[in-house]
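A quick write-up on the structure given underneath.
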Amino acid sequence: MGHPYAPAELQLPGYVPLQLSQGQILAPYLGASLLLVLVIWLVSGKCRGLSKTDRLLMCWWEFTGLTHIIIEGTFVFAPGFFRKENPNFFNELWKEYSKGDSRYVARDTATLTVEAITAALEGPASLLAVYAIATHKSYSHILQIAVCLGQLYGCLVYFITAYLDGFNFWVSPFYFWAYFIGANSFWVWIPTLIAMRSWKKICAAFRAEEAKKTK
């Protein structure tokens, strides 16, 4: 049976067509994500001394951490997800996303490596950032910069390897802009802004410490 992915000559022996529609996949994912953000926002309001920015950062780090561990983790550990006769939700999600980047359904080694590192290291580190912000840990900003740099590096590898490998992994312009560019863009501009903020916070702390020494 043929498949809907690009390029057309991509070989996917045993491919099982999607059983869920785009709406049946995206609606639960977006709904669960919004619910998670709402819960963290409400819980963070109970923490003392947090600004609204800190609370928003907790929402982001919780969302991205669970995304890395659960969503990307299921891709890493499910090599034959496109062949399953009785697929679970995550199998269907990755078959849908592969319309925007068929390297996932093809199990491209570079993509798999980036996702494995992201799930194993950046996921737990993101959840640690939630705890660090909530409890005002001294390593909070250093940790956030480190994770942001990891995410940005992963995005660079992701986009650059796609370009070097032919830049022809999407079914249509819609999937290119919605999935390949749109869905991944959040992990470019948000980590960039967070890293800049944390850098300024660290520099301000050092300046304050130097000022104390000169008094």
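In case you wondered, yes, glycine gets a Cβ from its N, Cα and C as well.
Bear in mind that TrEMBL entries carry predicted annotations, made automatically and left uncurated.
What TrEMBL lists as transmembrane segment is 25-44 (among others). Below 8 angstroms of C-beta separation, residues 50, 54-56, 58-59, 62-63, 66, 89, 92-93, 96, 130, 134 of the same chain, each at least six residues beyond the ends of the transmembrane segment (25-44), sit close to that stretch.
What TrEMBL records for 53-195 is domain 'EXPERA'.
According to TrEMBL, the feature transmembrane segment maps to 56-82 (among others).
Packing against the transmembrane segment (116-134) from elsewhere in the chain are residues 40, 44, 47, 50, 54, 57-58, 61-62, 64-69, 72-73, 76, 140, 143-144, 146-147, 150-151, 154: each is 6 or more residues past its ends and has a CB under 8 Å from a CB in it. Look at TrEMBL and you will find 116-134 (among others) tagged as transmembrane segment.
As annotated by TrEMBL, transmembrane segment applies to 141-164 (among others).
The feature transmembrane segment is assigned by TrEMBL to 176-196 (among others).
Panel annotation: around the transmembrane segment (176-196), residues 57, 60, 64, 97, 99-101, 144-145, 147-149, 151-152, 154-155, 158-159, 162, 169-170 of the same chain, lying at least six beyond its termini, place a Cβ under 8 Å from a Cβ of the stretch.
Long-range neighbours of the transmembrane segment (141-164) within the same chain, counting only residues 6 or more positions beyond its ends whose Cβ lies under 8 Å from a Cβ of the stretch, are 57, 61, 64, 101, 103, 108, 110-111, 114, 117-118, 121-122, 125-126, 128-129, 132, 180, 184, 187-188, 191-192, 194-195, 198-199, 201-202.
When pLDDT values are averaged over the domain 'EXPERA' (53-195), the model yields 97. Residues of the domain 'EXPERA' (53-195) grouped by DSSP class, helix first, strand second and coil last, total 110 helix, 0 strand, 33 coil.
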